[in-house]
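Annotation source Swiss-Prot lists (6S)-5-formyl-5,6,7,8-tetrahydrofolate binding site at 23, 84, 123, 461. Feature annotation from Swiss-Prot assigns K(+) binding site to 226, 245, 247, 250; the stated evidence is sequence analysis. Under the heading GTP binding site, Swiss-Prot lists 226-231, 245-251, 270-273. The Mg(2+) binding site annotation in Swiss-Prot covers 230, 251, and the record cites sequence analysis as its basis. Taken from Swiss-Prot, the feature domain 'TrmE-type G' applies to 216-383.
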């Protein structure tokens with residue numbers, strides 16, 4: 001694929017909206033803009049100034065009123081000459097404007113090609129490019145803050161610092177291969193290597209939280225029919241997503257929606273009440289409920305606190321034996337939050353389970369009481385600790401894996417040096433560590449990987 005031609009794409013989401021934007025980037029961006037856009041006030045284009053006019057077709061017929069701006073490279077997103085045309089947000093209008101740009105000499109952009117050009121032109125590195133996608137797909141304010149911090153360059157700066165720590169020992173090892181008679185202070189190799197290993201280990205450890213914030217987790221709501229699972233789902237989502245009736249068994253299939261709980265995007269699965277049934281549809285729903293529990297990172301055992309334990313509860317509780325589980329005592333509004341009843345229910349269910357639950361929370365899906373505590377408890381069990389104050393977490397599994405390999409190679413080099421391994425073998429590990437870091441920043445990646453990464457972007461980004 002060429003990267004020195006001019007591309008165009010619709011940069012706004014499909015469908016109707018207030019405006020639609022067509023983006024053009026490449027060496028002929030201004031020429032194409034001048035062919036299809038006629039400003040009301042003629043004159044030379046001044047970069048970064050919005051102009052009002054009309055988009056016209058090849059015959060001069062007006063396509064739509066528009067606002068257009070031209071940005072001179074490298075002071076643009078792609079670091080190339082770029083034009084953006086804003087028109088009315090009807091899908092037909094926006095598509096017609098795009099077709100005029102293509103007819104005037106632009107090529108239809110591939111998914112993520114604008115961001116790829118920003119990377120290839122050195123405006124951002126690969127970690128920052130991937131952060132752009134994370135900003136678009138962020139489902140919680142915490143995930144958004146982490147993505148914005150990565151786009152701001154903290155990870156790139158830290159990796160360049162670590163790379164520099166590895167480069168000096170590599171230079172010493174290379175010199176010792178060529179000039180073995182030279183003497184090197186051991187601290188000149190051991191000190192930066194130790195610092196690099198510690199820094200890489202810290203980044204890898206941060207991914208345990210960061211990936212959850214970015215990708216989310218899964219939680220299954222399980223319990224008897226009419227325990228209030230669907231009502232609780234609706235309350236956590238703050239919308240009426242699941243059908244709720246007083247009739248037990250209303251939910252006969254699993255239903256999934258994503259909620260932000262304690263800053264963590266959690267896919268909540270509302271399951272059918274687990275009971276013995278001769279109804280084939282209900283039995284299928286129960287089977288899917290069991291599957292949902294198996295796939296979940298966490299289970300919420302939803303209990304109607306006003307009712308005593310029943311025989312059906314034993315089978316339900318058994319599903320939680322190998323799963324982190326929150327005993328969620330619902331409908332506390334029916335018992336006026338009577339502590340003696342709450343304690344009795346907790347004791348009864350723990351006796352059935354044979355051990356304590358990972359947490360117990362009292363809630364009322366009807367009044368909203370306890371929902372914030374439930375969300376915080378879910379986040380605590382998933383994360384184990386609150387987010388770092390500076391928000392500097394590795395959030396991408398690809399980055400974590402590459403940095404883990406870098407840490408292993410750097411550690412092997414450090415251990416090898418302490419054990420007197422020859423400099424040429426140390427250089428192999430140091431080079432491998434530096435290359436693994438380059439897989440994150442983009443300094444040592446192939447074209448296939450780049451296409452795999454950028455193909456996940458939408459067209460126009």
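Cβ atoms here come from the backbone N, Cα and C positions, even for glycine.
Ranking the binding-site residues 226, 229, 230 by Cα distance from residue 23 ((6S)-5-formyl-5,6,7,8-tetrahydrofolate binding site) puts 230 first.
Taking the Cβ of residue 123 ((6S)-5-formyl-5,6,7,8-tetrahydrofolate binding site) as reference, residues of its chain lying under 8 Å away and at least six apart in sequence are, in sequence order, 74, 77, 78, 79. When secondary structure is read from DSSP and collapsed to three states, residue 123 ((6S)-5-formyl-5,6,7,8-tetrahydrofolate binding site) falls in the coil class. Following the DSSP three-state reduction, the secondary structure of residue 461 ((6S)-5-formyl-5,6,7,8-tetrahydrofolate binding site) is coil. Sorted by the number of other CB atoms within 10 A, the binding-site residues 226, 230 start with 226, the lowest.
Annotated pair residue 230 (Mg(2+) binding site) and residue 461 ((6S)-5-formyl-5,6,7,8-tetrahydrofolate binding site), C-alpha to C-alpha distance, rounded: 38 Å. Following the DSSP three-state reduction, the secondary structure of residue 229 (GTP binding site) is helix. Cβ crowding, taken as the number of other Cβ atoms within 10 Å, peaks at 229 among the binding-site residues 23, 229, 461. For the pair residue 461 ((6S)-5-formyl-5,6,7,8-tetrahydrofolate binding site) and residue 229 (GTP binding site), the C-alpha distance works out to 40 angstrom. Counting in whole angstrom, residue 229 (GTP binding site) lies 48 from residue 84 ((6S)-5-formyl-5,6,7,8-tetrahydrofolate binding site) by their C-alpha atoms. Cα spacing between residue 226 (K(+) binding site) and residue 84 ((6S)-5-formyl-5,6,7,8-tetrahydrofolate binding site): 54 Å, rounded to the nearest whole number.
For residue 84 ((6S)-5-formyl-5,6,7,8-tetrahydrofolate binding site), other Cβ atoms within 10 Å of its Cβ number 20.
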